[in-house]
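Per Swiss-Prot, the features are as follows:
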type: TOPO_DOM; residues: 17-529; note: topological domain 'Extracellular'
type: CARBOHYD; residues: 37; note: N-linked glycosylation site
type: CARBOHYD; residues: 53; note: N-linked glycosylation site
type: DISULFID; residues: 67-292; note: disulfide bond
type: CARBOHYD; residues: 78; note: N-linked glycosylation site
type: DISULFID; residues: 79-91; note: disulfide bond
type: DISULFID; residues: 112-154; note: disulfide bond
type: CARBOHYD; residues: 180; note: N-linked glycosylation site
type: DISULFID; residues: 296-320; note: disulfide bond
type: CARBOHYD; residues: 300; note: N-linked glycosylation site
type: DISULFID; residues: 488-492; note: disulfide bond
type: CARBOHYD; residues: 498; note: N-linked glycosylation site
type: TRANSMEM; residues: 530-550; note: transmembrane segment
type: TOPO_DOM; residues: 551-565; note: topological domain 'Cytoplasmic'
type: LIPID; residues: 554; note: S-palmitoyl cysteine
type: LIPID; residues: 561; note: S-palmitoyl cysteine
type: LIPID; residues: 564; note: S-palmitoyl cysteine
C-alpha cells in the first residue's frame with residue numbers, strides 16, 4: 001500500500017508540474033523557411049552547401065535559330081561575302097547590301113573564274129566590319145587595251161561573263177601598251193579598291209592575251225606600293241580553267257592618290273567600296289534565320305542575355321554573356337536549407353531555427369510558431385523577410401552588369417603562312433577563357449557566401465529582437481525557442497511579432513510563475529530519474545516488509561532459524 005501510494009504521488013507530481021501544457025505559460029519558436037529538396041551551391045568555405053533556392057547563371061542552350069531583330073542579319077545563302085563583293089554572277093542579289101551581321105553558310109560556293117586572295121581573312125574582316133557593299137563606279141581610262149574580258153567559267157545567265165566589280169583587260173589588236181592611270185581621293189572617307197592579276201596556265205595563253213611574255217602590275221599610294229608579277233603555269237582544273245586570278249586590295253585615304261601601272265595581266269578595278277567604321281561583323285553558321293528578338297547571336301543560334309555567362313559558343317555577336325568553360329554555376333537566391341525533422345517530443349513539430357528549418361511557410365522566409373492556451377499557430381515576419389529579399393534581388397542584375405559584353409567576339413582567321421600568329425592568338429584566347437572561367441567561379445562563390453551570411457544574420461537579428469522584447473518574462477530554451485512564463489494569448493503573440501509587446505505588463509505574473517514552476521519543474525531528462533528512484537524505494541519497502549514478517553514469525557515460533565558454524 002505504501003509503495004502504491006508513493007508511486008501515485010510521484011506520477012501526479014510530474015504531470016501536474018509540467019509547464020509546457022500549462023495555461024499560464026506559452027512557448028514561442030523562431031524559425032526560417034525550408035524545403036524538402038534544396039539546391040547545392042558552392043561558396044568560399046564549402047564546395048557544396050544546400051540552399052532553399054538558386055538561379056542558374058550559365059546559359060548552356062541556344063534557340064537553334066538566329067533572330068533578325070534588333071540587328072540587321074543578312075543571310076549569305078550560297079554566297080560568301082567575298083564572292084558577293086567581287087560580283088560573282090550568282091551573288092548579284094547582294095550588290096549594295098547592308099548588314100549588322102552577315103551569315104556565311106557552309107553550303108556557299110564560288111561560281112566564277114577561280115581566284116585566290118593572299119590576305120583573304122583580313123579583307124573579309126575589313127568588308128564585314130564596314131557593314132555594306134555600297135559601290136561607286138569611277139571613270140578609269142584604259143587606252144589601247146580591250147576591256148570587259150569574259151570567261152566560260154563565269155556564266156551570267158546563258159552568256160560568258162566575269163566579276164561585275166572587276167574589269168579584265170586584254171590586248172587590243174596585237175598590242176598591250178603600258179598603262180598609267182591615277183585616281184585621287186577628293187572625298188572625306190576611305191575608299192577600298194579591289195584589283196587583281198591574271199596567272200595564265202601556259203606561255204602561249206600569256207602572249208595570246210597580253211602580247212608580252214611576262215606582264216607586271218604595280219599599284220601605289222602615298223603610303224604603300226605593291227608590285228605583282230604573274231606566275232605562269234598549269235594548276236588544277238576548276239570549272240574548266242587551269243589559270244588563276246590573285247585578288248589584292250588597296251585603301252586610299254582622303255587626299256591620297258591611287259596609281260596603277262601595268263604592261264599586262266591586269267584585272268582592273270571599276271570603282272571603289274565606301275568604307276565605314278562600325279561594329280558590323282560576319283559569322284559562319286547554318287542556323288536558320290527567323291523573325292524574333294535577341295540581342296545575342298552565336299553560330300548555334302540566338303541565346304538570351306539574361307544570364308551573366310554562357311557555354312554555347314566562343315564566337316558571339318551583340319550584347320552577350322561571357323563565355324566560360326563551366327556548364328553550370330548556381331547563384332544562391334535563398335537561405336541555407338535545413339529540412340524539417342520528423343515530429344518528435346511533447347511540443348510536436350515545433351522547434352526553433354537552431355535545430356531545423358520549417359517547411360510549408362507561405363508568408364515569409366522567417367516567422368514564428370507558438371503554442372499557448374488557445375492552441376498552436378504560425379505567422380511570418382515580413383520585415384525580416386523583406387530585408388533579406390531586398391539585398392538578394394539586385395544580386396543577379398549586378399553580376400550580369402559586371403560580365404555582359406557590349407561588343408562582339410568575331411572569328412579569328414589566319415592564312416597558313418601565319419600559323420605561328422594563329423597559335424599565339426589561340427593561346428591568348430584560351431588564356432582569357434580560363435581566366436574568366438576562374439573569375440566567374442570565384443565571383444559566384446563570393447556572392448553565395450554573402451547571401452548565406454546575410455540570411456543567417458537576418459535570422460539572428462529577429463531572434464535578438466524577440467529576446468530584447470521578452471527580457472526576463474521568458475527563458476531561452478537553447479533551440480531557437482522561448483518559454484514564456486505568463487499567459488500569452490494570440491493577441492499577446494501578435495504583439496511580440498509586430499514589436500509592440502510591453503514586458504512590464506506581464507513582469508509580475510512572469511516572475512511569480514517562474515518561481516512556482518522552478519520549485520518543482522521537471523524537465524524530460526529527470527523523469528527517468530524519478531522512475532528509477534520510485535522503483536528503488538518500492539523494492540526497499542518490499543524488503544523491509546518481508547524482513548519484518550520473518551522476524552515476527554521467528555518470535556512467535558512459527559519459523560525456526562538454525563545457524564550452523
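Using N, Cα and C of the backbone, Cβ positions are placed for all residues, glycine too.
In sequence order, 25, 26, 28, 370, 372, 496, 506 constitute the residues six or more apart from residue 488 (disulfide bond) in its chain with CB-CB distances below 8 Å. Listed disulfide-bonded residues: 67, 292. The one with the lowest count of other Cβ atoms within 10 Å of its Cβ is 292. The separation of residue 492 (disulfide bond) from residue 53 (N-linked glycosylation site), Cα to Cα, is 33 Å. Cα of residue 37 (N-linked glycosylation site) to Cα of residue 498 (N-linked glycosylation site): a span of 31 Å.
Counting other Cβ atoms within 10 Å of each Cβ, the lowest count among the disulfide-bonded residues 296, 320, 492 belongs to 492.
Considering only the recorded positions 79, 180, 492, residue 292 (disulfide bond) has 79 as its nearest partner by CA-CA distance. Inclusion criterion for the recorded positions 78, 154, 296, 320, 492, 554: a C-alpha placed within 10 angstroms of the C-alpha of residue 91 (disulfide bond); this criterion is met by 78.
Rounded to the nearest whole angstrom, the C-alpha distance between residue 554 (S-palmitoyl cysteine) and residue 320 (disulfide bond) is 106. When the recorded positions 79, 91, 112, 554 are compared by the number of other C-beta atoms lying within 10 angstroms of their own C-beta, 554 comes out lowest. The DSSP secondary structure for residue 498 (N-linked glycosylation site) is helix. Classification of residue 292 (disulfide bond) by DSSP places it within a strand. Here residue 180 (N-linked glycosylation site) comes close to 259, 260, 261: these same-chain residues lie at least six apart in sequence, with C-beta atoms under 8 angstroms from its C-beta.
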